[in-house]
Amino acid sequence: MVKPPAGGNDGGRAKPARLKTAFGRTPSQQAWLERQINDPFSAKARALGYRSRAAFKISEIDDKYRFFKKGAKVIDLGCAPGGWLQMATERGVTDIVGVDLLPVDPVAPAHILEMDFTDPACPPKMLELLGGAPDLVMSDMAPNTVGHRETDHLRIVGLIEIGADFAIEVLKPGGAFVAKAFQGGETAAVIAQLKKHFTKVVHFKPKASRSDSSEVFLVATGFKGR
């Protein structure tokens with residue numbers, strides 16, 4: 001717990017916590033840590049036992065679209081650290097498979113694969129574990145960044161396209177695809193592709209997304225088939 005500065009606070013309101021700069025920590029890392037400590041959704045996630053604030057993003061999407069329900073089959077691409085898996089299973093989903101390059105602690109009753117989704121062996125394995133075609137494919141995949149904004153953005157868009165292609169290939173009729181994206185940039189092509197196969201494609205920005213972030217989610221519903 002971070003203690004408030006001596007002398008109390010202004011008008012009874014807690015001041016944002018500040019961290020002493022640690023050896024080897026860059027200014028950007030310092031800013032990220034302070035933002036995490038002071039972020040209400042991060043604090044709420046810790047208090048409720050969710051592995052990340054992203055759990056609240058997917059919960060807001062589900063509040064609107066009601067994807068998570070008993071009997072639904074769900075695939076979670078880029079599932080680490082497991083917040084989306086936690087929210088889905090908490091809301092009644094029992095048939096769910098997640099995949100990530102990083103290790104993910106178990107989330108019962110989900111199946112979790114530590115694999116590269118782009119490995120040709122991965123999609124068949126996921127479908128085998130799921131026991132059939134999914135009702136929902138959700139993607140929070142993120143690439144390794146190189147620090148060059150345009151290059152990093154193109155890599156993100158590339159992963160959205162890979163996730164969308166997979167969803168179009170495997171979804172049940174009437175199914176849905178949800179993917180993290182960013183406003184602007186090169187997403188027009190993937191949105192056009194989704195509109196060919198889904199009855200509705202929208203941008204959705206949850207309240208749990210930071211207001212200063214360009215993060216949005218693509219939500220495609222009513223899969224019409226290949």
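Note that Cβ sites are derived from N, Cα and C of the backbone, with glycine treated the same way.
DSSP gives Asp100 (S-adenosyl-L-methionine binding site) a strand state. What Swiss-Prot lists as S-adenosyl-L-methionine binding site is Gly82, Trp84, Asp100, Asp116, Asp140, and the listing cites sequence analysis.
Taken from Swiss-Prot, the feature active site, proton acceptor applies to Lys180. Of all Cβ atoms in the shown protein chains, 22 besides its own fall within 10 Å of the Cβ of Lys180 (active site, proton acceptor).
DSSP gives Lys180 (active site, proton acceptor) a strand state. Straight-line distance linking the Cα atoms of Trp84 (S-adenosyl-L-methionine binding site) and Lys180 (active site, proton acceptor), rounded to a whole number, equals 12 Å. Sequence-distant neighbours of Asp100 (S-adenosyl-L-methionine binding site) (same chain, six or more apart, CB under 8 Å from its CB) are Gly78, Cys79, Ala80, Ile112, Leu113, Glu114, listed in sequence order. For the binding-site residues Asp116, Asp140, the greatest number of Cβ atoms within 10 Å around a candidate Cβ is found at Asp140.
With every protein chain in view, the residue among the binding-site residues Gly82, Trp84 whose Cβ has the most Cβ partners within 10 Å turns out to be Trp84.
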